[in-house]
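Encoded as C-alpha cells, the structure appears first; notes follow it.
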Amino acid sequence: MAIRLNYLDTSFERDFAAFLTTKREVSEDVNAVVRAIIDDVRARGDAALADYSARFDGIDFTVTGMAVTSAEIDAAIHAVAPEVLGALKVAATRIEAHHRRQLPKDDIYEDQMGVGLGSRWTPIDAVGLYVPGGTASYPSSVLMNALPAKVAGVPRIVMVVPASGGSINPAVLAAARLAGVEEIYRIGGAQAVAALAYGTETIEPVAKIVGPGNAYVAAAKRQVFGTVGIDMIAGPSEVLVIADRDNDPDWIAADLLAQAEHDAGAQAILITDDAAFGDAVEKAVERQLKTLPRAETAAASWRDFGAVILVPDFDKAVPLANRIAPEHLELATADPDAMVPAIRNAGAIFIGRHTPEVIGDYVGGSNHVLPTARSARFSSGLGVLDYVKRTSILRLGPDQLRILGPAAIALARSEGLEAHARSVAIRLNLGEEG
C-alpha cells in the first residue's frame, strides 16, 4: 500500500518533508573496487578488459573479438521483428527532428564601442555511450543518447555494452545503426568506463561519457570525471501525476505502474483533489498488478515508495510538484495549460490526459534521459547542448584598447597582478607606471 498524505492534516508539512528525503537506493561502497579496476585498465589496457570480460560476462575475446563487426550489426537488424524495427525507425526520425531544433547558433556581433564579441559553438570531438546489458538493455536509450550527439555533429560516437556470453540484444545493435553508431565494443562495467576515459590499445579515449549503469558504472563515471565529462548520475525512475476525478482511474494507475515496473526503487506519485478518485486509482493499481509480468518489481516500488497526496485544490499541487522536482510530470486535469507556467522544476512535462509519459519514453521525440532524485531543481534532460561547447570570442582594435585599457590596468593592479596590468600598458606605451 502506497503512503497516503493529506494537505489539510496538521502533520502534513512534517510528513511531506520526510517523504521528500526518503532514500530509494541502497548505497554500495564500491569506490575502492572501482578504483582498482580503473588503475588496472590504465596499466594493462586490452589485457585487463579481456580478463574482466571473461570473469564477469563469460566472454573470450579470442573467439568473439572485442569490437562488434559491421556484419554482426547487419545480422542483428535482420533478427529484429519487423514491427520493432519499424517502431525504432519512427522513434529515430522523431527524436532526430526534435533535437535539430535545439542546435545553437553562433552569435558574433560588434558593440557600440566597436568591440567584437560573440559565442561560437563546436561539437565535442568524441563521445562514449554506455549501454547497460541484461534486463536494462533498452534500444530506445541508444537512440536517446546517440541521436543528439549525431545532430550536434560529434564526429566519433563509441558505444560499449556488456555482452553475456558475447551476445548483444539485436535491437540494441539495430538502434545503434539507425543512430549512426558503428564503433561498438562488447565490454561493460567500470572497466568499460575506464577504457573510454583513458583508452587502450584498441579503444581510443573519448572526451565525454554518457549513459546509465549500475553502482560500479556510476562510481567509475564519478572517478573519471575531470579527465572526461559525464552526463549525469542517474537514479531510479520517477513520475508525478497531477490528476482530477474526470480521469479514468485505470489510465492513471497504468501510468503509475509504467514507472514502478522499472525498478523496485522507482517512485510513482499521484496528487489529486478528490479522495474518492485517489481510492479508485489505488484499487486500479492493485487490480492491474495481478496481470503484470513485472508485478513483483512494480508492487515493491508502489508499496515502498508510492504515494497518493490529497490537496484541497490544484493551486496547492503546483508548489508541491516544484518541491518534488520529478523526473516526469503528467498534468491530467481539465486545464493543464494553466499549470504549465508555474512549473519550475521537472525533467519533462506531459500535458493532458492523452499524453502518457510512456510516449515520451519512446516516440514523442523529446529525450527520455532526464534528471532524477530532485536534481531537476538544477539540471536538465539530455539534449544537443550536452554534446557541444561554447567558446567566447573577443576582438579589439587600437582604438578600443585605448578606451578600455586604463580600466583593465586599474582592476589588475587593484588585485595585485602587475604582469596583467603591464600586458595592457605596454600596448598603450604607458610604461611600467602607466
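Every residue gets a Cβ built from N, Cα and C, even glycine.
Marked as active site, proton acceptor by Swiss-Prot: E327 (among others). In the three-state DSSP scheme, E327 (active site, proton acceptor) is classed as coil.
Swiss-Prot lists H328 (among others) with the feature active site, proton acceptor, giving sequence analysis as the kind of evidence. Using a 10 Å radius centred on the Cβ of H328 (active site, proton acceptor) and all shown protein chains, the other Cβ atoms total 27.
Marked as NAD(+) binding site by Swiss-Prot: Y130, Q191, N214. Taken residue by residue with DSSP, Y130 (NAD(+) binding site) is part of a strand. Packing around Y130 (NAD(+) binding site) is summarised by its Cβ count: 27 other Cβ atoms lie within 10 angstroms of its Cβ, all protein chains included.
Look at Swiss-Prot and you will find S237, Q259, H262, H328, D361, E415, H420 tagged as substrate binding site, backed by sequence analysis. Secondary structure at H262 (substrate binding site), as computed by DSSP, is coil.
Reduced to three states, the DSSP call for H420 (substrate binding site) is helix. Within 10 Å of the C-beta of H420 (substrate binding site) we count 15 further C-beta atoms, all protein chains included. Among the features that Swiss-Prot reports, Zn(2+) binding site is placed at Q259, H262, D361, H420, with the record citing sequence analysis.
Shown are the recorded positions E327, D361, E415; the one with the most C-beta atoms within 10 angstroms of its own C-beta is E327. Cα of Q191 (NAD(+) binding site) to Cα of S237 (substrate binding site): a span of 25 Å. The two recorded residues, N214 (NAD(+) binding site) and H262 (substrate binding site), show a Cα separation of 14 Å. Taking the C-alpha positions, the distance from Q259 (substrate binding site) to Y130 (NAD(+) binding site) comes to 22 Å.
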